[in-house]
Amino acid sequence: MASQVTQRGALSLLFFLTPAVTATWYAGSGYHPDESYNEVYAEEVPQAPALDYRVPRWCYTLNIQDGEATCYSPRGGNYHSSLGTRCELSCDRGFRLIGRRSVQCLPSRRWSGTAYCRHIDPPKIRCPHSREKMAEPEKLTARVYWDPPLVKDSADGTITRVTLRGPEPGSQFPEGEHVIRYTAYDRAYNRASCKFIVKVQVRRCPTLKPPQHGYLTCTSAGDNYGAVCEYHCDGGYERQGTPSRVCQSSRQWSGSSPICAPMKINVNVNSAAGLLDQFYEKRRLLIISAPDASNRYYKMQISMLQQSTCGLDLRHVTIIELVGQPPQEVGRIREQQLSADIIEELRQFQRLTRSYFNMVLVDKQGIDRERYMQPVTPEEIFTFIDDYLLSDQELTQRREQRDLCE
């Protein structure tokens, strides 16, 4: 309307103009003079040019990773990146569009927005089934195997890493429940986890009690399937019955418990060696020799030892007395008398004289360990035994029985 108004006001100027009008007067007015006819012609004011889609102007080709762009060009055909093209963006399954869903190619040869596809679905992972296994005989562990988990990515199938928290397949598992956890990662750092349980059981028998005046030594844990327990008796006692028992798969012990009976010493043997063999690895010997029963050292020594029978028994010591001169010479173990031949052999074997008081301490292997030429207190004898002659098992028992004789 305005342009029309402008055009009408310009045309009325035709009747008042003089030939002296110059071109400068018309500059920018939309009119121009024709000097030959001295007339003025009017033309329309030019408008801004419209977009010319016939001349291609391109944006870069849209390439949406893990998605696609559906484009519509005003020119049609294959001009899907030309000026004015509008594209609808979408993502593949398992991905989410981040940014604008619709973009247009602008005269600046740039798209009106940006977008990308982000993987959002975690991988799919399936662990093996939980399993239970019994420990092997004489062991507290079991070797357990399994197949690796099944892992699949929900998008492009690419799994970058699978981690395991727990022992590897084929490892030895101790008794109890163990949680095995797998975690899978895809290339978008999405992750998924699964877990299963490995349970190891140990078949166990009832706990055995040591015999009175004895003790047990067992393999493995002492009560698990396949464990062997051996019965031992203290010095001065002999085992009667089964020497050992085995924990069976039925969770019961084989055989029955033996007992430890007081040791019976047979003095009616043919030689001193036959007598000493009865003490081998069972008892220590303290052999006392004196010229006669009235010997002062002998009487003093016997008096002290009679007051320490508990300590002697704890340390598995048996006393053998050789007193006097032939043919009245006496040899005895407690109340049991030794023959003259055995007495003579013992003196020769242990190099014990009849001329004066002398005494020898013999260990459980029959070895001469200490000699005394005068009386000693029981405490001195006990200290020597405790420091030098006790086995590991005896040391343990001594700690447990420390106050037994007090």
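Along the chain as shown, residues are numbered 1 onward.
Each Cβ is built from the backbone N, Cα and C atoms, and glycine gets one as well.
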From the list Cys229, Cys233, TrEMBL names as the disulphide partner of Cys260 the residue Cys233
Using DSSP three-state counts, the residues of the domain 'Sushi' (69-119) come to 0 helix, 26 strand, 25 coil
Neighbouring CB atoms within 10 angstroms of the CB of Cys260 (disulfide bond), all protein chains considered, total 21
